[in-house]
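Sequence annotations record features per position, and here Swiss-Prot assigns substrate binding site to Arg28, Gln29, Ala30, Gly31, Arg32, Asp78, Tyr154, Thr209, His325 based on sequence analysis. As annotated by Swiss-Prot, site 'Transition state stabilizer' applies to Asp78.
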Amino acid sequence: MTQNLVTKPFLEVLSGNRQASPPMWMMRQAGRYLPEYREVRAKAGGFLDLCFNAEFAAEVTLQPIRRFGFDAAIIFSDILVVPYALGRSVRFEVGEGPRLDPLDSPDKVSTLTKAIDLSKLQAVFDALRITRRELPPETTLIGFCGSPFTVATYMVAGHGTPDQAPARNMAYQHPGAFAKIIDVLVESSIQYLLAQLEAGAEVLQIFDTWAGVLPPREFERWSIEPTRRIVEGVRKVKPGTKIIGFPRGAGAMLPAFVERTGVDGVSIDWTAEPSFVREKVQSKVVVQGNLDPLVLIAGGAALDEAVDDVLKNFSGGRHIFNLGHGIQPETPIAHVEQMLKRVRAFKG
C-alpha cells in the first residue's frame, strides 16, 4: 500500500517551486509574546538554561507550530552558543543582554581556541531530534548560526553596542587579529551547522544581524566572504543543503551578497526597497520577509495594508512571508492571527 507523499511548502519554494500562497514563519516565533513560552522560561530559569535543556528547547520550538501552524520551525537557541563552545564565558544578564569576556586586543585574540567543542552543544542537537520527531510532517525544521561578523562583534566588545564600533575598530587597526576571530568562527560554524543537519535540521539560516554597519569594501570582506566559505564548507559535506542568508541592512550590497555567497534564499528587513529586490534579487533566489515587526504590534488596518503590500510586492516570484526581524515581546497574539489569516487567504 503506497502512502501519499507529504508536501513541505517551505522546502518546495527553496527547491525552485513557487507557491501561490507563500509559506510563512516568523523570526523569534518562539518567544515572550506567547504565555506558554513564558511558563517554560520560568521553569528553566536563565536564558541559557532554557537553550541547554533539550526538552524545554524543543517544547518552545514546537509551541508556535501548535498555535499557528507555521510552515517552518526554527530550533530555539542563540547565536552565542558558538563562542560558548569555543570556551568563552557567555552569560545573559537580566535587562542587559549578553555578556562575554571581551577579545579587545591582539594579545587576547591569541588566546582564542581554534577548535569548537561540539559536546558542549549536545543539548541543541538533542532538541533538534526531539523537535523533528514531534513536528507535523509538512513542517520544515530550520537550524541556524550567527554570521562570523555578527558573532565577532559580541566577542570583541563583550556585549552588544549600537554601531559595533569596537569590532569595526579592531578590523581597521588590527585586521590580522580580527581575521583570526573570523576564521575560527567560519570553521566552527561549518562544524556546528553540519551537526545540526545530522540531528534533523532540514534548512539552515545564517543571521548577519549587524552586516548593515559595514561599508561596501568591508561588507565584502567580513560579511560576504565568510558566509560564502560557510555555504561552501557545508555543501562540500552535504551537497544540496538549502541555506538562507540574512544580511540585515545590506541595502545596495544585497545583489552582491546573493551572487557571491551561493545562498538559496535571502531574508530582507523592512527597509529594503521592493522594486530593487524584485529586479536584482528575486529572479535568482527566494526572498524572505519583510513585514515591519512594529506594524504587527499596531494591528488593525495598518497591519492589513502592510501585509498586503508585502504579498503584492513579492508575488511575482518565489517568496517566504516573514518579518523583517524578530517579533517583539509586546506583540498581541490576536495580531499574529490577523496576519496569518491574511497571508493564508492570499493567492498570488
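Cβ coordinates are placed from backbone N, Cα and C, and glycine is handled just like the others.
Feature annotations (Swiss-Prot) mapped to structure.
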residue : record                             : DSSP (3 states)
Arg28   : substrate binding site             : coil
Asp78   : site 'Transition state stabilizer' : coil
Tyr154  : substrate binding site             : helix
His325  : substrate binding site             : coil
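The two recorded residues Arg28 (substrate binding site) and Asp78 (site 'Transition state stabilizer') have their Cα atoms spaced 10 Å from each other. Considering other CB atoms within 10 Å as the measure, the emptiest surroundings among the recorded positions Ala30, Asp78, Tyr154 are those of Asp78.
The number of other Cβ atoms within 10 Å of the Cβ belonging to His325 (substrate binding site), over all protein chains shown, comes to 23. Summary: among the binding-site residues (Arg28, Arg32), the fewest other C-beta atoms within 10 A of the C-beta are counted at Arg32.
For the pair Ala30 (substrate binding site) and Asp78 (site 'Transition state stabilizer'), the Cα-Cα distance reads 12 Å. Distance from the CA of Tyr154 (substrate binding site) to the CA of Asp78 (site 'Transition state stabilizer') is 12 Å.
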